[in-house]
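Asks: Can you read through this structure? Questions will come right after.
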Amino acid sequence: MGYSGGDDQRSPSITIPIAVCMGISIYNVIELNALILTTFKTRKSLYFWSFLAATNGIAPHTIGFLLKNLVFSDNFVLYITLISVGWVLMVTGQSLVLYSRLHLIFWNQFILKLVLAMIITNAVVLHIPIIILMYGANSSDKNPWVHPYQIYEKIQVTVFFFQELIISAIYIKACSSFFVTEGLLYLKGVRRMRRHLLFVNVVIILLDIPILVLEFADFYDFQTAYKAIVYSIKLKLEFNLLNRLVEVAKGNDTRGAESGNQIVRLNAFEQDCAGYVAKDSEYGNTERDANTKRRKRENSNADDRILIEREISDNFMNKWLYLFNRDAAEEPSRKFK
């Protein structure tokens, strides 16, 4: 994520845009921390900790490049350490945020395990070698570490781009399938929610493309500054998605539904103390929601495979909200406002 450059880095045409991006990134970090700490009352889930790590990884990453590219510090150990720690938290933390939200609408445990294995493997294979190469490449202006670093840097940027692309693609596909059924019940409200989720995920993917372009165009210094602001924006969009999902779950955006408790089945989730998510009655636990009635869609022209749910209890809704906040099981109306 950083190597020694020449005097051309001191040009105002380079330093000013870098400073602007860094300032926006730090502001977003402060805002996100305020939102996180005031929204999540229980802090035991993977979603919370990955969100917190990804957010607070942006700050040391930005400060490290501030020391390197604007202050021009000679203490390379200090700024490379800050860059390295921030980079790991920011990039892998973002992937874990994307992974943890997959549990909302995607329950193929085999695929989920593969995604998690991909994240862990890429973290080990890419983070460790790059950090070693960073210290070596910044130890002097000309040394044998620079060329290997430049090659491996392009590899890691590409791999992490496709990693997030894969996770987002799985989410978009699952979102499309899931809200087809839910849209039948909530009509315009949920269809609007579906479009919003798809739009935001596409925007997140599009934000990553310039990072790849800047890297291969050798605009390295601006790429690193732009990356920080992109990751902070993606986290803010992620927070927006969270709030919209909870709105749907609580029936705040379900005009046309017969009842506030009427919802297409989300497959109740429970979260244990370690923050893991377990799926319930989809695979045989039929007694948990005894008051749930399943029937086929009445429209004979529609796909008979589409099933809808009626009379879902308040307890069911609280279980779903519990995925984000354990306290929501007792006082859902006070959370995520």
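Cβ atoms are placed via backbone N, Cα and C, with glycine included.
These came from TrEMBL, pasted as-is:
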type: DOMAIN; residues: 24-250; note: domain 'DUF7703'
type: TRANSMEM; residues: 14-34; note: transmembrane segment
type: TRANSMEM; residues: 46-64; note: transmembrane segment
type: TRANSMEM; residues: 76-99; note: transmembrane segment
type: TRANSMEM; residues: 111-137; note: transmembrane segment
type: TRANSMEM; residues: 157-185; note: transmembrane segment
type: TRANSMEM; residues: 197-217; note: transmembrane segment
Asks: What mean pLDDT score does the domain 'DUF7703' (24-250) have in the model?
Replies: 88
Asks: With Cβ-Cβ distances below 8 Å as the criterion, list the same-chain residues six or more beyond the ends of the transmembrane segment (46-64) that contact it, or say none.
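Replies: Those are 1-2, 22, 25-26, 28-29, 32-33, 36, 40, 78-91, 93-94, 96-97, 99-101, 225, 228, 231-232, 235, 238, 275-276, 323-324, in sequence order.
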